[in-house]
Amino acid sequence: MLRLAGLRRRDLVLAVLAGAVTLLSALSLTVLSGWLITRAWEMPPVLDLSVAITAVRALGISRAVFRYLDRLVSHRLALDALTTLRARLFTALVRDGHARTRAEGLSQVITDAERVTDLIVRSLVPRGVAVVLSVVAVLGAGWLHPLAGLVLALAYLVTGVLVPRLAVRAARSARRATAHDAWTEELDRVLDHRVEFEAAGLGAERIARASAASTRSSAARVAADRPLGPAAAAEAWTTGITVLALLALGAVTYTGEPTWLGMLVMLPLAAFEAHGPLAAAAIHADEAAAAERRLAAVMTTTPPPPAARNATDLHLRAVDLRCAWGDRTWNLDLAPGERQVIRGPSGCGKTTLLLTLAGLLEPVSGELSPGVEARRASIRVHTEDEWVFATTVRENLRVGNPEAGDGVMQEALDAVGLPLELDLLLTDGAGSLSSGQRRRLLLARALCSTAPVLLLDEPTAHIAADDAGRLLGMLTTGPLPGARAERSVLVVTHED
């Protein structure tokens, strides 16, 4: 998945090296300080200590500089990967948007993508840095005393392998990611359908469900973070025991200079710094693996064949079609270039019919042709609740056709009776327009599309009767304005 995010191995190696240099500076600073303390105990001439004193100052400054470079390299790498992954994920969701709800798509684009790319900063880089620092520390301790290297290696196995594994096993039962995603879905439903819930008398119930989901998410987060406390305690105890073991080992068996003994004792105090984040890194890696599996199912969706994408003569037929909403049985024959209007009361399943015809919902029963891939490639459905973005009129129209020119967009605006400049900024999105203006803008967006078949849901809602009749006549007779003068059009409305 990180490869799909554009992550290159050499970039990851560079980030690990930047972090390793930072902690190696800290390790060198601590070890050299130990040597300086024990050497000063011998009261040598000050000039004998000048090089060590200067080196301590240089290492103290370099640690801050390298820390900045470490954060700069690793976070830039993660943010670039997140940008690339979200762009590719959005493309995959557009290609296979029928397979998931809006809340699921939101969770995948935002939360799951962040979990996967945060893996770089929160797991891969800390683990790589810990490996580099551990090898250097063990080799250094082994050079000073072979048994010291063995003791330090055993301690590293505890803090670098055993403790993270136990933390993952303890945190996995909390199911933090699952609880957070459930809360996101409940919150999205409340925010997106609050008016409908209030109208149905379900507002308080849905808010209570979202609140309960939030409580469960918070409890799961606390439960998942709880193993980090024992992990930190285990690291502290291991560090202390290792220092005492090396001190006892040096006092009993060390035969070298006393100054080197000081370095041996101080070494583990800094050497374990890289192991502090490993428990959290292991927990995050486990959550990221689950997110990666969910995203992989989206990213591996097979695109429609070229022939289906380029179809222009689609003949849409439905025989005894039953949809997921409503009790009606639909029969439809929409030939290439034909225009039809379906009228029916609100709630009879007209919008669900359009989504089913477009291949975004599976039919319950009946026959529907051509195949789903051909329909998804050639049909564009424009529902009543399409989003109006807080950007310019031009960019809102380009949602329907990113390659639309100003001439096409202006023609569509004039045809629907919306006298707005293309560069006008809709600061509040749909809130910057009246209900009628919003419907006209969405209709203009549909007309800018190059799709050979348009399915329009209530395109004249909230528009005065006279103008609504004019727009409906434009959609059902004569050449169409916008990107294609001739195409199939199916309009559903509750108006007579």
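Glycine is no exception: its Cβ is also placed from the backbone N, Cα and C atoms.
Feature list (source: TrEMBL):
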| type | residues | note |
| --- | --- | --- |
| TRANSMEM | 12-37 | transmembrane segment |
| DOMAIN | 13-290 | domain 'ABC transmembrane type-1' |
| TRANSMEM | 49-66 | transmembrane segment |
| TRANSMEM | 124-144 | transmembrane segment |
| TRANSMEM | 150-168 | transmembrane segment |
| DOMAIN | 309-496 | domain 'ABC transporter' |
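The average per-residue pLDDT of the prediction over the domain 'ABC transporter' (309-496) is 86, rounded to a whole number.
Within its own chain, the transmembrane segment (124-144) is flanked in space by residues 12-13, 15-17, 19-20, 22-24, 27, 31, 74, 150-153, 156, 160, 246, 256, 260, 263-264, 267-268, 271, 273-275, 277-278, 281, which lie at least six positions past its ends and keep a Cβ under 8 Å from the stretch. Outside the transmembrane segment (12-37), and at least 6 residues removed from its termini, the chain residues within Cβ reach (under 8 Å) are 49, 52-53, 55-56, 59-60, 62-63, 66-67, 69-70, 73-74, 77, 120, 124-126, 128-129, 132-133, 136-137, 140, 259-260, 262-263, 265-267, 269-271, 273-274.
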